[in-house]
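Note sheet for the following structure.
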Amino acid sequence: MKTLLLTLVVVTIVCLDLGYTRICFNHQSSQPQTTKTCSPGESSCYHKQWSDFRGTIIERGCGCPTVKPGIKLSCCESEVCNN
């Protein structure tokens with residue numbers, strides 16, 4: 001009985017995949033495509049876009065930040081969804 005219970009606990013932990021982390025793109029507008037493994041607890045990715053004297057700037061990363069007016073923000077919750 002103890003063996004069955006222990007086996008059930010191990011299977012549950014493996015199936016739940018405790019400690020799962022999100023992977024997001026984190027490159028800037030003109031940079032080569034790169035990804036980042038997000039910190040535990042960060043379950044979303046963001047794509048932030050604005051314009052200034054340099055032209056259109058795009059920033060990507062983990063989380064879903066608060067932005068100022070005039071900045072376009074898209075947040076998503078799947079792997080590398082912020083391209």
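Here the Cβ of each residue, glycine as well, is placed from N, Cα and C on the backbone.
From a predicted model like this one, the values you see are computed outputs, not experimental measurements.
Each of Cys24, Cys64, Cys75 is a candidate, yet Swiss-Prot gives the disulfide link of Cys45 to Cys24. Of the cysteines Cys15, Cys62, only one is given by Swiss-Prot as the disulfide partner of Cys38: Cys62. When Swiss-Prot is consulted, the disulfide partner of Cys75, picked from Cys15, Cys64, turns out to be Cys64.
Per Swiss-Prot, the disulphide partner of Cys76 among Cys15, Cys81 is Cys81. Closest to Tyr46 (site 'Moderately important residue for binding to acetylcholine receptor') in space, going by CA atoms and restricting to the recorded positions Asp52, Phe53, Gly55, Cys81, is Cys81. Within the set of recorded positions Ser30, Cys38, Cys45, Lys68, Cys81, the entry lying nearest in space to Gly55 (site 'Moderately important residue for binding to acetylcholine receptor') is Ser30 (CA atoms). Counted with DSSP, the region 'Stretch between loop I and loop II' (39-44) comes out as 0 helix, 0 strand, 6 coil.
Sorting the region 'Loop I' (24-38) by DSSP state (H, G, I as helix; E, B as strand; all else coil) yields 0 helix, 5 strand, 10 coil. Checking each of the recorded positions (Ser30, Cys45, Ile57, Cys64, Lys68) against Cys76 (disulfide bond), the C-alpha distance stays within 10 Å for Cys45, Cys64.
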